[in-house]
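First comes the structure, then the notes that go with it.
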Amino acid sequence: MKKAIAIVSLTAAFAAASQSQAVTITLACGAVGQELQLCKEGAARWSKKTGNTVKIFESPNLTNDRLGLYQQQLAARSSDIDVYQLDVIWPGLLSQHFVDLKGKVPASEIGQFFPRIVEANTVNGKLVSLPWFTDAGLLYYRTDLMKKYGYSAPPKTWAELATMAKKIQDGEKKANPTFTGFVFQGKNYEGLTCDALEWVNSFGGGTIVDQTGKITINNPKAAQALDTAASWVKSISPAGVTTYDEEAARGIFQAGNAAFMRNWPYAYALGQGEDSKVKGKIGVAPLPAGPGGKPSATLGGWNLGVSAYSKNQAAAIDLVRYLTSPAEQKIRAIEGAYNPTIPALYKDQAILKANPFFGSLYSVFTNAVPRPSAATKGKYNQVSQAFSSAVSDVLNGKSKGQQAVASLATNLARIKGRGF
Amino acid sequence: MTTNATPTSAAPTRRRGIEAARARQAIWLLLPTLIALAVVAGYPLYRTIFYSLYDANLTSPDQRTFLGLGNFWFTTDGVGTGFLQDPKWWTAVKNTLLFTVVSVFLETVFGMIIALVVNSAFRGRAFLRTAMLVPWAIPTVVSAQMWAYMYNDSFGLVGRGILGGQALLANTDTAIWALIAVDVWKTTSFMALLILAGLQSLPGDMYEAADMDGASKWTQFWRLTLPLLRPALLVALVFRSLDALRVFDIMYVMLGPVNAAQTSMTGYARQALIDNQLLGVGSAVAVAIFLIIMVIVVIYVTAFRVRFD
């Protein structure tokens, strides 16, 4: 009895102590698809466990806009935001503003992540952020329409995709004039860089800039890839595809108005949601390959880092550790189809049941092509914008592939100047 | 002589004394404003010009190296790295000038027509004068987003409904005309308001006299209204042109950050400064925009002899 009282009073004392130290942490997370909802829920679970409060900072949808906003916060050494959700291409750009998590997070915990993603988050030996979810470009298709038009398997090459999309589009347009064959991210922004890198790489055209910083984009295979993509616009893709981002493409596919879509894994869970018109009719496959090339998916993904200007770093680190833990990643994988960054979770039956393609496309996620952010360092954004602008010109018929990659190479040389 | 001299010289001295006192008073009253201006406008301008001469990064402005005019024009190893050597900058300049000339011209013509209509007496005139200000009252970001939806090729009222599935915003060459249309829709009412204010200062009996002389309405417009309206019209034109030259929000909202950089000078500056963290280049672009606008104002004011008093 005495012991019980002691335990109760001790627990109460601990609770009171932790209450008195309760702090408010501001977490900046994305709002694409279900991101915001899941982010809020995860944060709520952590605050319930620790007694701290979490304020959610809603970020813009376009990753370009988000980076601009964060840079202003960080350059001003603002302590308004404690934890940032960072794109996989940003660590090199922002490393100086973040707490080194090496030593602050147990090595065993860091060891459970994909080593390659941890490496991408490490700049000059400093662990800038912990991997939260990983991403790779996928091809979504309508299983019902494939059957209806007599196809048994998703397209293996871009040429096959074009033929299939054309046939399905021509057939479906009779009943639904807004129906289109293939939607992707054609707006001139970072998303187009991801899509176009997949085309170029799948044709065997390299990665814009190679690992040593050499500009490799000016080659006939890259030019051919861009010309191929341009041939889709207005034939199997709507004219407006050059204004679509992730959510615009998803909107069209999920409304049942497209046969194929290129998007990230998050679109799967939403497409299978109750309000989706294509629920139960979605297939997922690796993206098609170019002639003589192999399928390529651009590596995406988001990480969580703690601002060096945060006033509550210990609590902020604890929040990051909590959100990136296997239990949280499992919830996010099941509810939102966000790819875990922990290999062990790809064998979890509950996760595989919710996302059957996680198991079969495991190699797509582990072999995804990184954008040249490591080689171009602080100039990555300029490189990416020059690339997406050149691709945008080809898609809009303003230039041909060959001419575009040649002038892009000049442009990149101008950006490179004395070095990346 | 001496007796005469005293009163004549005393009067101006006293008057000068009052004027001087008033001038001193004016300076004291203006001082807070001048200080505020120096702090919120002068200092940022000084910093912008300062950074335009340095190679500096937005994330760490303290580490900078002096570059002189290198941000504007610099060639290293046969590669031009100044922004004036970037074809995209010149595309932005060309598009901004096109936007300014066409939208301001259309706004003036339409604004004039609307002002003449609401200046005449008819039932419901007060309601119409208020109603015409609605587009102007909507924040630009909101109206830009609204128009972006309307231009959408798969569900937009304009893109799908009127143009039958064309995507005007997809291509920067066609997008500029779509943007001009939005700006004209939005700002014509403001122009109409400025012109209306000018029209109301014109004397009514002058038109009665013109009617007596048998001048047609058309002649009255060209010979009386327009010349007398000239000062008000020119001030309105200067204001609108300046506004149009520094347009940013329409492009940014409707085209996204990257394409906005090719359609407006301010979008280009933002891209350099924020997206690319090039504090030096971004400042240099801002200085260039400042100079361009200043030159255009000087041309306006001297060529048309605009008086602001």
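Cβ atoms are placed via backbone N, Cα and C, with glycine included.
A TrEMBL annotation is a machine prediction, not a hand-curated record.
Feature annotation from TrEMBL assigns transmembrane segment to B:26-46 (among others).
The domain 'ABC transmembrane type-1' annotation in TrEMBL covers B:93-302.
The transmembrane segment annotation in TrEMBL covers B:97-118 (among others).
Here TrEMBL flags B:130-150 (among others) as transmembrane segment.
Look at TrEMBL and you will find B:175-199 (among others) tagged as transmembrane segment.
For B:278-303 (among others), the entry in TrEMBL reads transmembrane segment.
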Non-local residues, at least 6 beyond the ends, that sit with Cβ under 8 Å of the transmembrane segment (B:278-303): 45, 47-58, 61, 64, 67, 71-72, 83-84, 89, 93, 234, 237-238, 241-242, 245-246, 265-266, 268-270, 272
Within-chain partners of the transmembrane segment (B:130-150) [C-beta distance under 8 Å, separation at least 6 from its ends]: 114, 118, 156-159, 169, 178, 182, 185-190, 192-193, 249-250, 253-254
Same-chain residues at least 6 beyond the ends of the transmembrane segment (B:175-199) whose Cβ lies under 8 Å from its Cβ atoms: 95, 98-99, 102-103, 106-108, 110-112, 114-116, 118-119, 129, 132-136, 138, 140, 143-144, 147, 151, 168-169, 225, 229, 231-233, 235-236, 239-240, 243-244, 247, 250-251, 254-255, 259, 263
Positions whose Cβ lies under 8 angstroms from the transmembrane segment (B:26-46), at least six residues beyond its ends: 290
